[in-house]
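Here the structure comes first, spelled out in structure tokens, and everything after it is commentary.
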Amino acid sequence: MKTSIKNYISRISIVCICILSVSCNPKPPQNISSTPASQLIDRLEALKDEGILFGHQDDLAYGVNWIGEDGRSDVKDVIGDYPALYGWDIGQIDSLKNLDNVPFNKIREYIISSHERQGVSTISWHTFSTEGRDSWDTSDKQTVKEILPNGKNHNDFNKKLDKVADFLLSLKDKNGHQIPVILRPWHEMNGEWFWWGMGNCTDDEYITLFRYTVDYLRTRKKVDNVIICFSPDRNFTNEKEYLQRYPGDDYVDILGIDNYYDFKEESRIQLAQKKLNVVATLAAKKKMLYAFSETGLETVRDYQWFSKTLLPVLEEANKIQPMSYVMVWRNANKKKEKKNHFFAPFRGHPSSEDFIEFSNNKLILTNKEIQVYN
């Protein structure tokens with residue numbers, strides 16, 4: 001909660017004075033088992049007791065009416081602060097630009113700059129198949145089987161994972177330290193729209209794919225700056241269905257849920273609540289972090305959606321177990337993409353006043369409010 005952050009700052013000041021007055025003994029050595037990934041988990045654990053991080057996909061790269069303006073953000077234009085969390089995608093990792101035409105060198109710069117502000121980054125992967133088909137091409141039902149060990153495209157898949165590892169390991173601050181990020185691979189696996197989704201591979205094939213990906217990055221490539229988010233879509237009603245393709249606690253650090261559909265109609269909002277509550281309850285049982293990993297109302301056509309719809313849903317789930325973050329999807333550039341496809345208000349949008357009210361709620365954390373927890 002926001003008031004407690006101020007109290008936290010006061011306590012830190014008192015502790016610092018006490019330490020200085022007692023001795024000048026050197027600090028004990030850092031735990032050698034500590035990694036950038038474990039440090040991020042510790043930070044998120046601390047932050048969830050203060051509030052829910054608000055996030056926005058591609059926030060620094062472009063907005064509805066601008067592209068590539070240094071330091072600009074549609075969210076910041078409206079509320080006067082950056083999001084606490086930033087979403088990025090590494091689809092087309094073997095190219096110079098990602099699937100939304102953002103250069104990978106710029107994504108790296110954005111992750112570094114947001115980290116300098118103590119922001120958190122989460123990365124999804126709308127990957128092409130090894131045969132060049134995009135994530136939404138489900139015509140070949142053997143795609144997953146063929147990239148697994150002993151599959152005909154397995155070596156090519158490893159090369160893709162090498163590219164992913166290279167990018168993740170290239171995320172370093174000005175002192176050369178690895179920047180920890182959330183990786184959300186093979187998301188929305190309980191939908192039918194991705195080639196790794198339901199009906200396009202078996203449950204066992206999916207679980208093997210997820211585990212292989214994590215093992216390859218962490219063990220073979222020594223990537224120690226990622227924590228893993230498992231994020232099904234809204235196609236479940238209970239814990240058993242949510243866990244149908246779950247790879248196991250050893251492979252997951254954050255339980256997620258992506259849900260846009262249940263917010264399209266007012267009559268379905270209680271379903272959105274029920275499903276988020278399932279994840280919150282499971283997270284409490286497993287003593288794990290959880291997040292509303294993707295959501296939003298396209299074009300924010302309900303001008304009070306943030307404060308009157310999203311916020312109450314978050315508040316209810318948060319009573320079960322404190323939530324780590326919520327992220328809305330990207331604000332496509334209208335001129336370049338020739339469509340109205342945005343999920344956060346931008347300067348002049350009729351929902352801006354409501355978005356300010358939402359961001360000022362004690363439960364919602366933006367960038368400045370998390371900087372004390374570095």
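Keep in mind that glycine also has a Cβ here, set from the backbone N, Cα and C atoms.
Unlike curated entries, TrEMBL annotations are predicted automatically.
The Cβ of E188 (active site, proton donor) lies under 8 Å from the Cβ of F194, G197, S231, P232, D233, D258, each on the same chain and at least six residues away in sequence. According to DSSP, E188 (active site, proton donor) sits in a coil region rather than a helix or strand. Taken from TrEMBL, the feature active site, proton donor covers E188.
Annotated active site, nucleophile per TrEMBL: E294, in sequence order. Neighbour count (other Cβ atoms within 10 Å of the Cβ, all protein chains): 25 for E294 (active site, nucleophile).
Annotation comment: TrEMBL describes H126, W193, Y260 as substrate binding site. For Y260 (substrate binding site), the Cβ neighbour count at a 10 Å cut-off comes to 17, with all displayed protein chains included.
Mean pLDDT for the domain 'GH26' (35-368) in this predicted model: 98. Positions annotated as domain 'GH26' by TrEMBL: 35-368.
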(message) So if I draw a 10 Å sphere around the Cβ of H126 (substrate binding site), how many other Cβ atoms end up inside it?
(response) 17
(message) Give me the CA-CA distance between E294 (active site, nucleophile) and H126 (substrate binding site), in Å, as a whole number.
(response) 14
(request) Could you name the residues, excluding H126, W193, Y260, of the same chain that surround the substrate site, i.e. Cβ within 8 Å of the Cβ centre of those residues, in sequence order? (result) S135, W136, E188, G191, F194, D233, D258
